[in-house]
Each structure stands twice: as structure tokens, then as C-alpha cells.
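Participant: The structure follows.
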Protein chains: 2
Amino acid sequence: MSGPQTPEPALGIQGDAPTGARDEDAADGIQHSHRMLSFSDALLSIIATVMILPVTHTEISPEQFDKSIQKLLATRIAVYLMTFLIVTVAWAAHTRLFQVVGKIDDTLALLNLACMMTITFLPFTFSLMVTFPEVPLGIFLFCMCVITIGAVQSYLLMATVIFLPYVSKVSSWCKGRLVGPQEPPAHSMEFFTFDLHEPLSKERVEAFSDGVYAIVATLLILDICEDNVPDPRDVKEKFHGSLVAALSVYGPHFLAYFGSFATVGLLWFAHHSLFLHIRKATQSMGLLNTLSLAFVGGLPLAYQQTSAFVRQPHDELESVRVSCAIIFLASIFQFAIWTTALLHEGETLQPSARFGGREHAFMFAKLALYPCASLLAFASTCFLSRFSTAIFHLMQIAVPFAFLLLRLLVRLGLALLCAMRGLAQPATQAEEDAHAPLLPAAC
Amino acid sequence: MSGPQTPEPALGIQGDAPTGARDEDAADGIQHSHRMLSFSDALLSIIATVMILPVTHTEISPEQFDKSIQKLLATRIAVYLMTFLIVTVAWAAHTRLFQVVGKIDDTLALLNLACMMTITFLPFTFSLMVTFPEVPLGIFLFCMCVITIGAVQSYLLMATVIFLPYVSKVSSWCKGRLVGPQEPPAHSMEFFTFDLHEPLSKERVEAFSDGVYAIVATLLILDICEDNVPDPRDVKEKFHGSLVAALSVYGPHFLAYFGSFATVGLLWFAHHSLFLHIRKATQSMGLLNTLSLAFVGGLPLAYQQTSAFVRQPHDELESVRVSCAIIFLASIFQFAIWTTALLHEGETLQPSARFGGREHAFMFAKLALYPCASLLAFASTCFLSRFSTAIFHLMQIAVPFAFLLLRLLVRLGLALLCAMRGLAQPATQAEEDAHAPLLPAAC
């Protein structure tokens, strides 16, 4: 049942000195699992977002845009969203598992790698399942993967949580018999606390989100580096040797890339600011975060479409609207994390971000910026449909500057609010508020 | 010179209580930069490895394999290696910068994002420079990128290290005048210690390496998910509706993927074990790590070639040799990190991994496994050139099992060594060694 090395961790009982403990553990083949977890997070976030590639690479030309292409695109988007959710569920199970398994040894690290390899195979089986709904092979492979992952994870759980205490007891009993009486190994039980109702590990939610943001931000550069270097022969023949003219053909691609990177980067920035003020991530916040990330993964699709403006100018209204909708959904779910956190602000938020806290208004503005901007852009395309591209580019340029000046703008806004209130009801308690914290107490 | 928010951090002087300090800092817009750094590491590692894609996607068919393709391939490999080194240098500068800049505010986080966006553009400019050596545009763009990155980074440095102390001094002086005398703000100077000769941050070396390993491990699945789901029409026409037959065409691709993932995963595992025993990473260890990672990035190329076995059976000897060489180089540089660390083992290694330490022999075996296996495979293809594919697959299957059984094998080896020594010179000091630690002291 257990591998050739699982009895090893039993040795970990010896090293208990406060200073040398870490090295002693490492020496015995037991390791704190921090780095393995961040590697797993990086892998899982890449796997979760990988299925957006077939969507972005679906060639849509105005002549061919018939039912079959529409169906193909819809299928691929569905595959992407489902894969994202499935991999996130696998990630959540992994997180739970390693909230229980505090320390690892080499066998567990290798088994974790095997588990990761099986999970990377999930998107493929799922896409097979959807492409051939009538053939049972896809479902069979998918189930095999899930069973393998489950088996490896439950093996990890059993090997460490259920059997290990006994193994270590037996081995220490044997040692006691051979060498002489020792102090009781209460330490080994301490490694593995079993509490499935505790909130998600905030660090791992952050690491997984970071991975998704990083891979999404760079997905378009993958294509650009490969396809958008013009062919020397083409440059000579078509553009009379002018490299600038040849590159200007790819202009929209670069614009799309920078737009995509800026949007993903700023959404990451908002996420980063938000989690800086969060103490604990509850289950519902984790779910909202997943939904937000799923739409963030759709951003390359949005910008792929804006890069197609040149080829199909008639569809630009539609593309701009789709882009605005994706940005809106990605950012509104971030905003929802914040409002959910506010519901239990005593547990989930740092004091400064709560109602009346110093940073409350500022956080609110930071998270509301993208939903408002995208909603505004969407609405204005309805009235000014002829200028939709201009509106979209204006939004892209304006939002980063708004982020830079946000702290200033919020102060100005609050001061204005105060002034208006002060006109309505003359100030009487100005004296008391002089020593109160900065922002909300300004009026 | 300074943005609208840089004076903000001066507020950070207030929060100095040991428990609430973190929240106070966050409230003032100053943040510990941990998460921003790991996000930057993830981005930079993806950018560093992205140029392997044009190499792996170079179509080589036996009929077309002439000088022009060879030249193209050589150019692309050179571009990949140079990009990797350039991005690593940018990463090293970034690491240095944030060893000086301890804490960040929102403006710095946004500037960091802008810096990242410019760095993502480096690979493209470089590849343009190589494709059109006679046109100065590529060099111009490349230099523009480097200048921008340098400007942003030096702005960060100046804004925080050089000007910020003065700004905070002035602001506290003003406060002192307005509110009354306060304790001197010695705290604000403490944030920014300036020591460029200290070793690289071990955490960031690990994070960057993790990113490279993660993206390399999943590079092949990017292709598989997109291209290797067979077309339903093809399945009906060519394979008479048999999905298994259609998939078996792609068999070598899946083998290649699993082989690649396993190799990258195990190299990560060896790296992980190595850095578990390392205390500090010196400059030369960092350089060796970069070289090792550059060859790890070449692994998808190796496995892309093994997946082409079916199409071009005559070239398999060459492919196997290239693969073995890449694996050998990637692993031998890892081994070199270890030997370099041993030269200054007092500073760089944990006690248990030093000469005579408990884990020394085991670490040695772990790091020597891949160089030995690949060298052996390479040598045996010279003698048994007809069975080169079989040898390569045997290596792929044998190495993971060797890793699993390594602890057992090392013990057996040491016991055998002891027994042989014991036969040569009869044991006299057996009594003394009974209480010594396990492995090296076994004889």
C-alpha cells in the first residue's frame, strides 16, 4: 500500500529544537511544502487558462461566418469555461489536501507531480468529449483522469493522515525497545490537523490568481513573437524593402497586445489591492474569484477581436461590445468579492478597509473603476455606434491614467462631498474630527 | 519628477506598533512587495521562455531539410538563447532593485507593470533584429525598450531611495511645525538599505525558476489541446468513424508530452531538493542556474523531435542524441550549482548537506542521476545506433523509478561500500559510530 519511503517521515520526531528545526526536518527528508505548492499553483493556473487558445485561434472571416462557425465557437467557449471550472475544483481539492498535509517528503513530492501530469491531461479529454459527444472514449478518458487524481490525492491523505501516525508510533516503539526509552512522540500527530471547514488559504488563492493573470497577460505575446515577424522575402517583394510598412500591417496586433496587457495588469492591480486588505478568504469569495478569473481568461479573446478591426470593419461594433462585456463581467465579480467581504467585515477585512475605515472610499473607487468604465463604454456605443472604436480606445487610454490619479481624484471627490454637505448643514462638530483619520473623517 | 503619489509613503512613519504595523502600512498605501514580486517573477519567466516556440514550431521534413532551413533553425535557437539571457539580466536587475526598495505604494506597483509590459516586448524586437540584420529599425526598437526599462527602474530607485528620505524629512518637519514636536522619523530611512554586494534573494531565484519550469512543462499541452483533437469529418472519412484509430495517429505527440512533462518535473524536483539545502545563492550560482534553466527551456524542442519519429524514422538517431545532449546540459549545470555551493559550504549550505553531513550522499545521487542517465543513453546510441529510440524510451521510463527508489538505492550503495571497506580493513571503531547519524557514518 505505502511506497518505499513513506515510513521515512517518522524520523522527523527527533528535530524539535526551535533554531535548527528547519534544517533537521530537511535532513530527514521532510520539507515544508511551500515551494511545491507555489509550483503546483503555477501549473494549475496555466492548465486552467489553456483552453482559451482554441477560442482565440478560431478564424472568423465575414464571408464564412455561418451557423457551423458559430456552433464551433460556442462549443469552444463552453469547453473553456467548463475546463476552467473543473481545474479550479481540482485546485480547490489540492488546497484542501495540503491544508491537512502540513509537511511533505520526497515520495509525496513525486506523487504530487504525477497528479499534476494527470490534471494537465484533463482539458484534452474534456475537449474530446465535447467534439465527439456520441463516442464514449472521451468520457472514459475523462473519468480515468478524475479517478487517477482522486486516487493519488486520497493516497496522499491516507498515507500521511491516517497511516503515518501509526507507522511513526510503531517505529518509535521499536526504537524504544532497541535503544531504550525516549520521550513520547506527540510531535508527529501535531503535523496533521484536520479541519475542512476553515476558510481557503489566502496565500494559495493569491498564488493561483497570480498565475492566471500572468499567463493571460502573456498569451498574446506568444502569438506575436511567433507569427508577426515578417518574412524577409515578403518584405522585399510586397513592401519594396520597407520594414516599417511591413510592420504597420501588424499594427493592430500590437495595439491589441498592449491593450490586453494593460487591462489584465490593471485588473491584477485591483485584485492585489483588494487582497491586501483581506484577512481571510471564505468559500463564497473563492467562488466569486474563480468566476472573475474565468472572464479574465477571456480577455485575450476580446483583444483578438479588436485586432481584427482592420480586416472586418463592419463587425467592430459587435467586437467592442463583446470586449466591454467581458471586462465588465471580470471586474464586477472582483467588486462582488469586495461586497461579500464587507458582509462579514469583522472576520474578512483589515480594520482600515471596513466601513468608515481610512481606505474604504479609496478601495471602493479602485474596484468600481473598471465596471463603470466598461459599462459607460458599452452604453455610449449604443448611442454613438459610429464611433465605437474611438470610444473603446479612449477607455483603454483613460483607465490607466485614472488609476494613477485615483487617490487624488477620490480626495477631491470627498472634499467636494464635504463642501456640499457643509453648505447644507453648517458644521458644528469640526472640532472633534480634527484628530480623526484622514479620508472619511474629512467631513 | 515624482508622480502624484510618491510623497504618500512618508505617512508610513506613524504605524510602528508591532501587531497592527502591517495593517497600518497597508492603510497608508505602503505595501510589502512580496506578491508584486512573485507576479513579476511569473511574467518574466514566461517571457524568457517564449522564444522557444518559434524553434519548436519550425517544420522540418526530410525532403526540405536544406541549408536555408538549417540556417533558420540556428537563427531561432540563437534568438531563444539570447532572449533568455537578456530577460534574465532584466530579472536580475529587477531583483537587485527590489532588494533596495523594501516597500511599495500604488504608483510604484503601476510603474512596475509598465516596466513588465516593456520587457514583454523585448523578445519581439530581438527577433526582428536577427531576421533583418541590415535594417536599423530592430536595433532601434530594442534600444528604446532597454532605455525605457532602465528609465523606469532608475526612476523607481531615485524616487524611493534618493528623494523619499528628503521628502519624508521635509514633511515631518512641516508636521512638527504645525502639530508640535514628534519623535524623530528614523524609521523611514530604515526601509531602504543599500547593499549591492549581498547575495541574490533565494526566494526570488526559486520563484523565477518555478515559473520557467511550470511554463516549459505545459508548453506542449498548449499545442496538444489546440491541434490534436481530430476533426469529426476526418474521423468519419479516413478512419471509418473509429476515434481510437484517429487518436493513435497522435500517439507520439502524447508520448512526447508525457516524456517532456516527466523530465521537466523531475528536474524541478532535483532543483527543489537542491535549494532546500541551500542557505544563500551567490552570483555564480545564479549564473549557473540561468544556464541550466536556458537548457530546460530547450526540452520541448527535444521532445517535439521525438514526437516526429513516426514521420521521419531516419533522423531518429540525431533526435535522440540532441535530446540527450539537452537533458545532459540542463542537469549538469544543476550539478554545477551544487559543486559551486560546496566550495563555500559554510556560507551557502545547510549543515546536513555539507561534506560528511547526513544528506550529502543522497543529494549527490539525486543531482548526478540525470547527467549519468543521459550520458549513458548518448554513449549507448553510439554503439547500438539501431536501437536508439528504444534506449531513449527506456531512459524515460527508468529515471522516474530511479528517483522513487533513490533513497533505498543510496543506502544499499553505501552499505555495499562499507562492506567492501570492512573486508579490506577489519573494523575497529565500530563501537564509536553506533550513535552517529545514519548515512555517511554507516561505515
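The backbone N, Cα and C atoms fix where each Cβ goes, glycine too.
Predicted, not measured: the structure shown is a model, and the values here were computed from it.
Look at TrEMBL and you will find A:1-25 tagged as region 'Disordered'. Annotation source TrEMBL lists transmembrane segment at A:39-57, A:77-98, A:110-132, A:138-167, A:243-269, A:281-303, A:324-343, A:363-384, A:391-410.
Give me the local environment of each listed feature.
Facilitator: Sequence-distant contacts of the transmembrane segment (A:110-132) (same chain, six or more residues past either end, CB-CB distance under 8 Å): 3, 36, 40, 43-44, 47, 50-51, 54, 75, 78-79, 82-83, 86-87, 90, 94, 104, 138-139, 141-142, 145-146, 148-149, 152-153, 155-156.
Within its own chain, the transmembrane segment (A:324-343) has Cβ neighbours under 8 Å at 263, 267, 270-271, 274, 278, 282, 284-285, 288-289, 291-292, 295-296, 298-299, 301-302, 349, 354-355, 363-364, 367-371, 373-375, 377-378, 381, 392, 395, counting only residues six or more beyond its boundaries.
Cβ atoms under 8 Å from those of the transmembrane segment (A:391-410) belong to residues 259, 262-263, 266, 269, 306, 320, 323-324, 361-362, 365-366, 369-370, 373-374, 376-377, 380-381, 384, 439 of the same chain, restricted to positions at least 6 beyond its ends.
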Participant: Look at every Cβ pair spanning the transmembrane segment (A:243-269) and the transmembrane segment (A:77-98), keep those 6 or more apart in sequence, and say whether at least 3 of them are under 8 Å.
Facilitator: no
Participant: Using Cβ atoms and a strict cutoff of less than 8 Å, what residues sit near the transmembrane segment (A:281-303) while being 6 or more residues removed from its termini?
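Facilitator: For the transmembrane segment (A:281-303), the far contacts come to 48-49, 52, 55-56, 77, 80-81, 84-85, 88, 92, 199-202, 205, 209, 212-213, 216, 219-220, 256-257, 259-260, 263-264, 267, 271, 275, 319, 322-323, 326-327, 329-331, 333-334, 336-337, 340-341, 344, 347-348.
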Participant: For the transmembrane segment (A:77-98), what are the same-chain contacts with Cβ under 8 Å, counting residues 6+ beyond its ends?
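Facilitator: Same-chain contacts beyond the ends: 33, 37, 40-41, 44, 47-52, 54-55, 115, 119, 122-123, 126-127, 130, 149, 153, 156-157, 196, 200-201, 204, 208, 286, 290, 293-294, 297-298.
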